[in-house]
Amino acid sequence: MPSIFAYLSSEVDWCEDNFQHSEVIAEYYNTISNVSFFLLLPTLLYLNHQYVQQRPFSAYSLAIMLLLVGTFSTYYHVTLSYVGQMLDELAILWTLALKYVLWFPKCYFPGFIKNRTQFVQLIGVTTVICTLMSFIKPVFNAYLLNCISLHLLYLTFQELKKCSNPRVHRIAAFMVMWWVLAISCWLSDRWFCGFWQRINFCYLHSFWHLLISIALLYCCPLFIYFDVVHEIPSFEPELEYWPSDSWPIALPYLALRKSYKRC
Ligand SMILES: CCCCCCCC/C=C\CCCCCCCC(=O)N[C@@H](CO)[C@H](O)/C=C/CCCCCCCCCCCCC
Ligand SMILES: [Ca+2]
Ligand SMILES: [Zn+2]
């Protein structure tokens, strides 16, 4: 029986040919494209520094989780080992759990939940159950994780219904566009690998890494905007672009001001 750390012991093998460009890296492009997660992290912290000052625990704990996601995803694609796959999936699961614990607005708590402490307990128990189940059939875990994105989309639409700020709608539209492109690459790599191999273009999973990082670049300012609206009433959140609103390519971020008007 192969060791759970052994190369290629994972039950999932992505479309890219193994050991094509290196003797030690199983999937070369799927590995190097993880650099996007390591670039995303300082970018988010730098751009949203005002929020980081207000909520250092939320920002830095999620940042550490994102660092782990990038590290484990890199290890996974280098080795395609069972341990790599589990670490990659569980890091994403616990990052999303933390994101719910820290950023989920109170007004969407289920009716039987009375306060945030109970909500944290509910998310904790659910995440532990999902963690245990993932050892039974890890491949289903990846689909489950993508379903969580659908719930995040639903939450976004609920918030947009209450908000008339065109900047919020614009950033949400970009987030959805990048997410649709990302998930299309992920699914296409999984389901139509034969086709991509025939045309000698097996890099869609590496495109997924890049595109989901870009989606997160929009998703994070949007969710911290909702967090400030609901949880920090002394501040007026504004979504702005770096380096400037007028540049054709610019990065969204959240600025905090003291004023009256809000969604
Ligand atoms: C101020 C700083 C804040 C930092 C906040 C960071 C929040 C990060 C939240 C989520 C991290 C998700 C990272 C995804 C990593 C993907 C790694 C990967 O590719 N793994 C695959 C195997 O290599 C695996 O098969 C992927 C499974 C599916 C993962 C689904 C992730 C959902 C991410 C949700 C993103 C929301 C974007 C927009 C939603 C509409
Ligand atoms: Ca492969
Ligand atoms: Zn990956």
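Each residue's number is its place along the chain shown, starting with 1.
Cβ atoms here come from the backbone N, Cα and C positions, even for glycine.
Taken from TrEMBL, the feature Ca(2+) binding site applies to ASP13, TRP14, GLU16, ASN18, GLU27. Classification of GLU16 (Ca(2+) binding site) by DSSP places it in coil, neither helical nor stranded. Around GLU16 (Ca(2+) binding site), a 10 Å sphere centred on its CB holds 23 further CB atoms from the protein chains shown.
Taken from TrEMBL, the feature Zn(2+) binding site covers HIS77, HIS205, HIS209. Taking all protein chains in view, 24 other C-beta atoms sit within 10 angstroms of the C-beta of HIS209 (Zn(2+) binding site).
TrEMBL lists 28-47 (among others) with the feature transmembrane segment. Sequence-distant contacts of the transmembrane segment (28-47) (same chain, six or more residues past either end, CB-CB distance under 8 Å): 14, 16, 20-22, 59, 63, 66-67, 69-70, 73-74, 77-78, 203, 205-207, 209-210, 213-214, 216-217, 220-221, 242, 251-254.
With a cut-off of 8 Å between Cβ atoms, the residues of this chain six or more beyond the transmembrane segment (59-78) that come close are 10, 14, 24-27, 30-31, 34, 37-38, 40-41, 44-45, 48, 51-52, 84-85, 87-88, 91-92, 94-95, 98-99, 102, 209. Residues or ranges marked as transmembrane segment in TrEMBL: 59-78 (among others).
Positions annotated as transmembrane segment by TrEMBL: 90-107 (among others).
The annotation transmembrane segment is assigned in TrEMBL to 119-136 (among others). Packing against the transmembrane segment (119-136) from elsewhere in the chain are residues 86, 89-90, 93-94, 97, 100-101, 104, 109-110, 113, 144: each is 6 or more residues past its ends and has a CB under 8 Å from a CB in it.
Annotated transmembrane segment per TrEMBL: 142-157 (among others), in sequence order. Long-range contacts of the transmembrane segment (142-157) within the same chain, counting only residues at least 6 positions beyond its ends with a Cβ under 8 Å from a Cβ of the stretch, are 12, 89, 92-93, 96, 104, 108, 130, 172, 175-176, 179, 183, 186, 219, 222.
Below 8 angstroms of C-beta separation, residues 146, 149, 153, 156, 160, 163, 204-205, 207-208, 211-212, 214-215, 218-219, 221-222, 239, 252 of the same chain, each at least six residues beyond the ends of the transmembrane segment (169-187), sit close to that stretch. Residues annotated as transmembrane segment in TrEMBL: 169-187 (among others).
The transmembrane segment feature in TrEMBL is assigned to 207-226 (among others). Beyond the transmembrane segment (207-226), the same-chain residues lying 6 or more positions past its ends with a Cβ under 8 Å from any Cβ of the stretch are 30, 33-34, 36-37, 39-40, 43-44, 47-48, 51, 55, 73, 99, 103, 105, 152, 156, 159, 168, 171-172, 174-175, 178-179, 181-183, 185-186, 189, 237, 239, 251-254.
Checked against GLU16 (Ca(2+) binding site) by C-alpha proximity, the binding-site residues HIS77, HIS205, HIS209 yield HIS205 as the nearest. In sequence order, CYS15, ASP17, ALA26, ASN30, HIS77, LEU80, CYS202, HIS205 are the residues of the same chain, not among ASP13, TRP14, GLU16, ASN18, GLU27, whose CB sits within 8 A of the CB centroid for the Ca(2+) site. Fewest other C-beta atoms within 10 Å: among the binding-site residues HIS77, HIS205, that description fits HIS205.
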